[in-house]
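A.B. asks: Straight from TrEMBL, here's the annotation block:
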type: DOMAIN; residues: 1-394; note: domain 'Major facilitator superfamily (MFS) profile'
type: TRANSMEM; residues: 12-35; note: transmembrane segment
type: TRANSMEM; residues: 47-71; note: transmembrane segment
type: TRANSMEM; residues: 78-97; note: transmembrane segment
type: TRANSMEM; residues: 103-126; note: transmembrane segment
type: TRANSMEM; residues: 147-166; note: transmembrane segment
type: TRANSMEM; residues: 172-189; note: transmembrane segment
type: TRANSMEM; residues: 210-230; note: transmembrane segment
type: TRANSMEM; residues: 242-265; note: transmembrane segment
type: TRANSMEM; residues: 272-292; note: transmembrane segment
type: TRANSMEM; residues: 298-320; note: transmembrane segment
type: TRANSMEM; residues: 327-347; note: transmembrane segment
type: TRANSMEM; residues: 367-389; note: transmembrane segment
Amino acid sequence: MNEMNRVTRYGIVFAIMFMNFFIPTHGIVATTFAAMAESYPDVSASALTYVTAVVNVAQVVASIGAGVLIGRKLKYKTAGIISLLLFTVAGGFPFLMGEGLSFGALLASRCLFGLGLGAFSPIVNSTIAYLFDKENTRAFMMGAKDVFFSLGATIGNIIAGILCLISWQTTYVFYLFGIIPLVFFVIFYKEPEFVQETKKEKIKIPKTAFYYLFLLLVVMLLTQFCWNYIAFILTDMGYSSAVIGTIVTCFTVGAILGGIAYGFCYRFFKNYILFVAMIMVSLSFIIIYGASSSVSTSLLFVFGIGFFLSGFASVMFTAGIPMSLSLTVPASAIAAAMGLFFAFQNFGSFLASPVGQLFFSIVGQDAPINTIFIFGLVVALIFTVIVFITSTRDAKLAKAQKQEMNSV
């Protein structure tokens, strides 16, 4: 794939970047729940949340399944076309059907939508790994795809809010734009040359890859604490929902800038990039806890800094872990590893709720909410040490391999 012409390469990049743009948009329809309730008066408010919940489950199942099948039983291009068709058709189905859509049919369409969306991650990350041989260029593209991810989450919510003013069904028009990457995928995508060679090989994911995946799970759990508890903390301090929204936006800004900066940071830090990101996670918890422990309203800006760091660091991992997997996992297992990446990422975010609940059941329900950030800081510091040790090991190994290659 590395000898293809420039137009084809750009076409493929455009397609996969737009796929990544759409990955975080499954939840934008949450803005329509109040309007949707009027169409389904017999459905409870809690039952309506399954409109997003079934997508989460389907995504994880599809990401693992697609990772196993792609490149072996299923061609990359075929998988991409099927997933984009499911995303576009099932995603826009509620709009196409209008008022006559039953709630059961809505959930079924969302499940199919989730299956299509779940296959995006292994396709996107694997394609970047195959398309770019040069390590620094690959790192830059891993960061770029996360910029598109963050933009998708932000722009998707804005567009959903506008479309919902017409009707809740109109919100689903957004997913019909999946036709754009679908067209580019059909026209430009070229199957990796090595696929035929790896079809008969067993999927062997090294232990090192599972270390990276577990690290991702931990970091996603920690950063999710910020999202889960910041509203409670700021509300108790007397801040409005507008202020809370502004602080949360700092996370998104940090994530976007983190994606832009990842390629440059990787060039400078190389094997220590995840160690530096882990330090940022620790600092964000120190800052957020410190700001939430003060009665001074002037520290609101400090909250913003803490959330910015958390967002910046999280992208260092969502770009850095696929980068590390692409360097450690054999070609025959890369799609499977990228499927697991998406599953671990989502499972880590999910675990933040039960882990937080368990923490407060131990320290007491009357404990200040911000004590969760002390717990998070302790975990972050432990993993900072672990990541430093593994990063040092990897740096020495990379140096030895480079010296060996130079001596040949």
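Using the three backbone atoms N, Cα and C, a Cβ is placed for every residue, glycine included.
Any TrEMBL annotation is an automated prediction that lacks curation.
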A.B. asks: Mind checking which residues of the chain, 6+ beyond the ends of the transmembrane segment (272-292), have their Cβ under 8 Å from one of its Cβ atoms?
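C.D. replies: Cβ under 8 Å, 6 or more out: 215, 219, 222-223, 226, 230, 233, 237, 265-266, 299-300, 302-303, 305-307, 309-310, 312-314, 316-317, 320-321, 324, 370, 373-374, 376-377, 380-381, 383-384, 387-388, 391, 395.
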A.B. asks: Which residues of the chain, 6 or more past the ends of the transmembrane segment (210-230), have a CB below 8 A from one of its CBs?
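C.D. replies: Tertiary neighbours of the transmembrane segment (210-230) are 244, 247-248, 251, 274, 277-278, 281, 284-285, 288, 303, 306-307, 310-311, 313-314, 317-318, 321, 324-325, 328, 337, 340-341, 344-349, 351-353, 355-356, 369-370, 372-373, 376, 379-380, 383, 387, 390.
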A.B. asks: Could you check if the transmembrane segment (12-35) is in contact with the transmembrane segment (298-320), meaning 3+ Cβ pairs under 8 Å among residue pairs at least 6 apart in sequence?
C.D. replies: no
A.B. asks: Applying the under-8 angstroms CB criterion, which one of 47-71, 103-126, 147-166, 298-320 scores highest with the transmembrane segment (327-347)?
C.D. replies: 47-71
A.B. asks: Pairs of Cβ atoms less than 8 Å apart decide it: which stretch in 103-126, 147-166, 242-265, 367-389 has the most with the transmembrane segment (172-189)?
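C.D. replies: When the Cβ pairs under 8 Å are tallied, 147-166 comes out ahead.
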A.B. asks: Determine which residues of the chain contact the transmembrane segment (147-166) at the Cβ level, with the cut-off under 8 Å and only residues 6 or more beyond its ends counted.
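C.D. replies: Those are 17-18, 20-25, 28-29, 31-32, 35, 173-174, 252, 255-256, 259-260, 315, 318, in sequence order.
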A.B. asks: Using a Cβ distance cut-off of under 8 Å, indicate which of 47-71, 242-265, 367-389 has the most pairs with the transmembrane segment (298-320).
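C.D. replies: The stretch I would name here is 242-265.
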A.B. asks: Mind checking which residues of the chain, 6+ beyond the ends of the transmembrane segment (367-389), have their Cβ under 8 Å from one of its Cβ atoms?
C.D. replies: 215, 218-219, 222, 225, 229, 232-233, 236, 272, 274-275, 278-279, 281-282, 285-286, 288-289, 292-293, 356, 359-360
A.B. asks: Do any residues of this chain, six or more beyond the ends of the transmembrane segment (47-71), have a C-beta under 8 angstroms from a C-beta of it, and if so which?
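C.D. replies: Distant contacts of the transmembrane segment (47-71): 26-27, 29-30, 33, 36-37, 40, 79, 83, 106-107, 110-119, 121-123, 126, 192, 195, 198-199, 203, 332, 334-340, 342-343, 346-347, 350.
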